[in-house]
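Colleague: Not my notes, these are from TrEMBL:
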COMPBIAS  21-32  compositional bias 'Basic and acidic residues'
REGION    1-32  region 'Disordered'
TRANSMEM  44-66  transmembrane segment
TRANSMEM  179-197  transmembrane segment
TRANSMEM  217-235  transmembrane segment
TRANSMEM  242-260  transmembrane segment
TRANSMEM  266-284  transmembrane segment
TRANSMEM  296-324  transmembrane segment
TRANSMEM  344-362  transmembrane segment
TRANSMEM  416-437  transmembrane segment
Amino acid sequence: MTTIRQRRVEKGTEAAEDQPSEEKNVKPDGKILPDHTGGKLRNIISITVGGIVAISLGLLTSVYVATLHENDLWFSNIKEVEREISFRTECGLYYSYYKEMIQAASIQQGLHGLVYDNKTESVRTINILERMNVYQEVFLSILYRILPIQQYLEPVYFYIYTLFGLQAVYVIALYVTSWLLSGTWLSGLLAACWYITNRIDTTRVEFTIPLRENWALPFFAVQIAAITYLLRAHLRPFQERLTLTAIFIATFLFSLTWQFNQFMMLIQALALFILDCFDMLPTAKVTWLYIIQLSGLLLVCVLQFFNSMILGSLLISFNASVLIARTIQKNLKKGGLLSRLGKLILHVLLVLCLTLLINKFIKKILNLESDEHIFKFLKAKFGFGATRDFDANLYLCEEAFGLLPLNTFSRLSDTLLFYVYIFVLFFMTVAAVIVAFRNLSGSNQVQFVAKMEECTITLKPDAAYSLIHTVLFGCLALSTMRMKYLWTSHMCVFASFGLCSTEVWKLTLRCIHLYTSQRTHVIKYSIPIITLLYISYKFWPGIMDELSELREFYDPDTVELMNWIKSNTPNTAVFAGSMQLLAGVKLCTGRTLTNHPHYEDKNLRERTKQIYQIYAKRSPEDVYRILRSFGTDYVILEDSICYERRHSRGCRLRDLLDVANGHIMDGLGENEPDLKPSLYPRFCEEIKKNLPSYTIHFTRVFQNKTFHVYKLAKHK
């Protein structure tokens, strides 16, 4: 894959016949100059070559990540149970519903099983389609059943190849976005190359295939590309309608495939709000984008059986508030600098107050508490008071929800991406501040405006949106490492656009008094080509070594556990244990669970905390009573949790449980003064001693180096 990609770089350097940016054929007075035959031919050749390169890079990226996945696990050679175990934690849970739909007697029976599911949470019947974002699994399973491919392609390969295929869509969308911003497909080529060479920080699809973000982010990238095109000038009405349709479809698919869609689109709505306030985007187009976000999310809400978490989202409240505030403040963009600043402050306060009021009202009416753990986590994360809340601390102690590690920047710098990004970000930010001040100044600052126009400091709407988008998602990534993939992929787009942008180089050269149009043109193409050659030279050997490195899946203890469960327990047995392990139990064995990793439900969070008392300092009677209240037949204890060393003291699961229960933690170190010693030893340790007080309730039926399975007695 990489070999072909680097050849494309060299071809691009020889034939950099780029698509001209839309301003080339436009006079300052807005009149369009007639195209010459030669110009039209160059455009056709450029678009054709650029399109071929985009599709080639997208397909090669799919092959690349698929090869890495195969080489890492030897996926084609391992057993079915090993393939399923490789879908760790929540990945296994999502894939299990695809497997259920495939194995169902009919599509109708499979759908009925999802709508009336009683195996995901014991003693409860839940609607999987309402609770989780699994429509993609439903669609894919139906497609597999109706297509004549069962004899040639196993269900698991149809699933993973679809996800790897979406990576092609992702890369093409990034490529097109960069091309649209800069006016040259050389920029798209550079963006795609950066995405590949920074793969560790731009995607994790090859080892977390079924994760919701791997479904959603390609559609998000398509939406951003369509928004970039929408914000261009001189669009015909037909082009605008077609683009709005594309944005709606991409927004809908993004929202349908990821439960965190509302938070990502809230950040996007904030970007639109900021730019609209400073008059940097056309108001009519911004309004359409607000409406598309609302309608897309509400359509998903309907498909998810009126999921209350969607109705109570901040995005719906915020977008509704902005539209209401606009009708109240109709003259927001009129007047001088001080007048507009005053109106702007009032507008922001009005939108903020309306958002909080509407959101509070909706949550009160719906009695919504599904997302309260997220706000508890955010409150504790940003220092608004310490918390003993188990759910909040569970997130705080996970590395994925911590700050972005500093070594991320050293990796991004190795490919020159971070250096270029900072360079472009600086000049674009300067331009944005000047343009925003000029827009707010209005007609009272004629001399200042004239002076600015002499310096030709401008910022096109699509570039302005890209700037605010990367800044806001950059802040999100810096605060929460798991969200870095939303930032780093757009970082590739933003940096490549700036490096190939006439406006950026013009501003840079003017600052050092070296500007000429010819010099700008030469630098605009030579610097990206040199960067591509550097990337090719430095990373070619490493990528070739990576593609030739062969490993094999190896987890004999988990395989032994799953095989034992399938062979020695009834199909109706109910299992308790850690969320991560139980997702695999459901996928591999089809047994009923007490809890699982999809954490966006208050009752499930309470249930999980109760189940996890198996790792706390509780009496055997208490643990037995808790487990039986959820219909548990077997409980699985993991030494890796009971004797955990991965986290430091205070962040081990047993420590979180001790603090939540008011008990002092194990080991040397400080404890809060009101914590007290427990009256009982730790359950997961003490049960292994086979004391009479434990054996009366629990009988060990399976044991290996990692897992201990106990069967619960059924007392009358």
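Cβ atoms here come from the backbone N, Cα and C positions, even for glycine.
Since the structure is predicted, the reported quantities are computational estimates derived from the model, not experimental observations.
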Colleague: Applying the under-8 angstroms CB criterion, which one of 179-197, 217-235, 296-324, 344-362, 416-437 scores highest with the transmembrane segment (44-66)?
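Modeller: Comparing 179-197, 217-235, 296-324, 344-362, 416-437 against the transmembrane segment (44-66), the winner is 179-197.
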Colleague: Grab the same-chain neighbours of the transmembrane segment (242-260) for me: Cβ-Cβ under 8 Å, and only residues 6 or more beyond its ends, written as numbers and ranges.
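Modeller: Contacts of the transmembrane segment (242-260) (Cβ under 8 Å, skipping residues fewer than 6 from its ends): 132-133, 135-136, 212-213, 215-216, 219-220, 222-223, 226-227, 229-230, 235, 288-289, 292-293, 295-297, 299-300, 303, 309, 600.
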Colleague: Looking only at residues six or more beyond either end of the transmembrane segment (344-362), which have a C-beta under 8 A from one in the stretch?
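Modeller: Answer is 273, 277, 311-312, 314, 316-318, 320-322, 324-325, 328-329, 332, 368, 440.
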